[in-house]
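Feature annotations, reproduced from TrEMBL:
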type	residues	note
BINDING	B:Cys9, B:Gly10, B:Leu11, B:Gly12, B:Thr13, B:Val14, B:Gly15, B:Ser16	NADP(+) binding site
BINDING	B:Lys103	NADPH binding site
BINDING	B:Glu188	L-homoserine binding site
ACT_SITE	B:Lys203	active site, proton donor
DOMAIN	B:355-430	domain 'ACT'
Number of protein chains: 2
Amino acid sequence: MEPVKVGICGLGTVGSGTFNVLVRNAQDIERRAGRAIVVEQIGARRDSPQVDLTGINVTRDVFEVARNPDIDVVVELIGGYDVARELVLEAIRHGKHVVTANKALIAVHGNEIFRAAAEQGVIVAFEAAVAGGIPVIKSLREGLGANRIQWVAGIINGTGNYILTHMRDEGRAFEDVLAEAQALGYAEADPTFDVEGIDAAHKLTILASIAYGVPLQFERAYTEGISRITFDDVKQAEALGYIIKHLGISKRTDDGIELRVHPALVPKEQLLANVHGVKNAIEVMGDAVGPTLYYGAGAGAEPTASAVVADLLDVARDMATHHDYRTPYLAFSGIVEGDESLPILPMENIVTAYYLRLLAVDRPGVLARVATILAEQGVSIEALIQKEATEGELVPIIITTHRTREANMNEAIRQLEALADIAGPVTRIRIEHLDENV
Amino acid sequence: MEPVKVGICGLGTVGSGTFNVLVRNAQDIERRAGRAIVVEQIGARRDSPQVDLTGINVTRDVFEVARNPDIDVVVELIGGYDVARELVLEAIRHGKHVVTANKALIAVHGNEIFRAAAEQGVIVAFEAAVAGGIPVIKSLREGLGANRIQWVAGIINGTGNYILTHMRDEGRAFEDVLAEAQALGYAEADPTFDVEGIDAAHKLTILASIAYGVPLQFERAYTEGISRITFDDVKQAEALGYIIKHLGISKRTDDGIELRVHPALVPKEQLLANVHGVKNAIEVMGDAVGPTLYYGAGAGAEPTASAVVADLLDVARDMATHHDYRTPYLAFSGIVEGDESLPILPMENIVTAYYLRLLAVDRPGVLARVATILAEQGVSIEALIQKEATEGELVPIIITTHRTREANMNEAIRQLEALADIAGPVTRIRIEHLDENV
């Protein structure tokens, strides 16, 4: 099948990330889409140091991309309202499908853009416009399609959440953390869109429309920022059992729809209260499913690219009319049973950390014997706690280890259980830090 | 457009829930799918007290549904391996699309079923097979399609998580909480599938195939249950900064794929450690997007029905060849601009709880004046804390309120700020409990 030919407009953070993900994961993406997705042209005012453009057709005029007859899909990543709107409408007029990450554009001009796309029979996809890499539009629009949605509440601006997180953790003032966020590149030189809630209101407007089936009405959103939150408020809230978060909330009531962005006290035990730093999360309440929550990176080059490319996959599948090109059952086409290039590993080969609980007879040298057995198996001890002796003079020993191979741990436990000093079986529970080294 | 005609096989918890959701939300579902989805026939050994079957064609022979020429989609909700496998294959042979919530069936017989479906050109959808109402299959298969998935880790058995949660919260033994869960209907009379990790291994097998593009290989999953976890382990883990959870973990390594279900110590600050009771959550690490997490109800009548009906929506859209029947941009068709039947509410009309911080002059009667103003506006005080006087004899007063109308709170704040006793503006932050009354 013919590859899908993509034109990327804008080569900033997200444009560079999108190009790099398409190139790096090209093989997997082709298996998922049932056809290749290739970058045919890039329109950008300047090149990007993050991207190797060797062999790529680059133009300085983004409208050239919108009119290029060889291009199937235009990816709009220039941002802003006016030029972006013109570009998207021009691409639609030329029969191109459009993928955009532009929340301001969709929130303000979406109704017009969708009408134009429907007239031309093309697709406009905008997963990346809300909460970066979190597939929340797909989840809300398709995955929760059975439900009457009752409310949506989310942390949908990473900059604001970064500031509130650091105010709380470090007892600092708003202005102080904002300056730091600007220095680190998490906040713009003009932070108004982020800290005054306009960016969040754009995203909430889109979520509300998808939740309830109403037109986009950004102009009716209530927007209140976090610039007046003091550390004293953060402390008082904490004492009352709350954490202050900047939320976008939309709720269906008998009278209509609430659509509001403002700081809020959230009970500490709620998952949303535990979303920290630049991360985003959206909680959705449906009448059938109850509460569900979607968490992840709400911004950044590759997280946003993840959503842009997911939209390209949807467009690629939708362009194909054959059933063979719908989403493969197991996500990838060409899965061969018995192919051992990516085998399921036997448990002996996994690598993880461990918690061990032993009952030892309280006599000299027992710790040394335990430690020696672990050392001989290459198991590195992180912590060892010897408890008070219980009745019968048995002493519980708690050990946590660094990451090691399961086979070595099995052998160590076998030897530990064979020691005369150790009573009964060794309790072994694996420790999973859920960091990059799961 | 013709309605999609559905035959439901099995009228237990999930079958009843599916029928009820399809009936209750029929209008919204039709707007989302672009066509109606109607129950044409039900095959069940007995009726369900949860369902009003008036006017519904009911048969005691589920295979009659699989062969009914009027039916487009067979929904398999009878569970188990053998009859379910026969039923699904028979439906496929008769050219029906199939939706199933049966994790055991897909994990063990999925490769065979997908082959049969591909030969017949029909769809088999199984979102409800993993984590109930959480759209994790769609998220992983479509929403994260840009990524090379690095690992998947999840709490994917609600019964096990219920037991571990109550052991920890109440200091109780495994057997004790299990007996309670059985009495409450959260655990089966024979709890082996849940507490020994077999059910979780079925689900993990499916997630791993979708994450990495490998065939379903349930027979290679490592499975360890929670029946040997003691309260002492829970306590020790807590002291070390961990919470014990029953996890399904699958990880891509250079040598192959880890596929394992076992109890694990998870650092307390991780979101997964804070998923309690019967809830499920799955964390997915992708190379572009980083970590994302999906949380919600992993079982139950309507949560599972939510996923079954989402699959029916996908099948309905896929059956249509016209682009008009792809997912509507704003999730619903027929959105009319200017239609005020579901208006966006002005902020004055929203109802929420509030945190107020006032600076008061420390003289007699100030609290009474503050309380009177709030009472006159119908604002009910939840807590009122008067702090020590700071310099200048100004006393901070912290107030939290019950839910009230924003307009009333605005008026109360206006009057409070007009009091001679109150210095400067009143700080007002809304409190959002994120419960059913958001």
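Glycine too: its Cβ is placed from the backbone N, Cα and C atoms.
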Composition by DSSP (helix, strand, coil) of residues within the domain 'ACT' (B:355-430): 27 helix, 32 strand, 17 coil
DSSP three-state assignment for B:Cys9 (NADP(+) binding site): strand
Near-site residues: NADP(+), ref B:Cys9, B:Gly10, B:Leu11, B:Gly12, B:Thr13, B:Val14, B:Gly15, B:Ser16, CB cutoff 8 A to centroid: B:Ile8, B:Gly17, B:Thr18, B:Ala44, B:Ser48, B:Leu77, B:Ile78
Lowest local Cβ density (other Cβ within 10 Å) among binding-site residues: B:Thr13, B:Ser16: B:Thr13
Site of maximum Cβ density within 10 Å, from binding-site residues B:Gly10, B:Leu11: B:Gly10
Alpha-carbon spacing, B:Ser16 (NADP(+) binding site) to B:Lys103 (NADPH binding site), which is rounded to whole Å: 18
Cα-to-Cα gap, B:Leu11 (NADP(+) binding site) vs B:Glu188 (L-homoserine binding site), nearest whole Å: 18
Under 8 Å by Cβ from B:Cys9 (NADP(+) binding site), counting only residues of that chain that are 6 or more apart: B:Gly15, B:Ile42, B:Gly43, B:Ala44, B:Val62, B:Val65, B:Ala66, B:Val74, B:Val75, B:Glu76, B:Leu77, B:Ile78, B:Leu87
Confidence summary (mean pLDDT) of the domain 'ACT' (B:355-430): 90
Which of B:Gly12, B:Gly15, all binding-site residues, has a Cβ with the fewest other Cβ atoms inside 10 Å: B:Gly12
Inter-residue C-alpha distance, B:Gly12 (NADP(+) binding site) and B:Lys103 (NADPH binding site) (nearest angstrom): 16
The residue listed as 'NADPH binding site' versus recorded positions B:Thr13, B:Glu188, B:Lys203 - nearest by Cα: B:Lys203
Distance, B:Val14 (NADP(+) binding site) to the residue listed as 'active site, proton donor' (CA atoms, angstrom): 17
Alpha-carbon spacing, B:Thr13 (NADP(+) binding site) to B:Glu188 (L-homoserine binding site), which is rounded to whole Å: 13
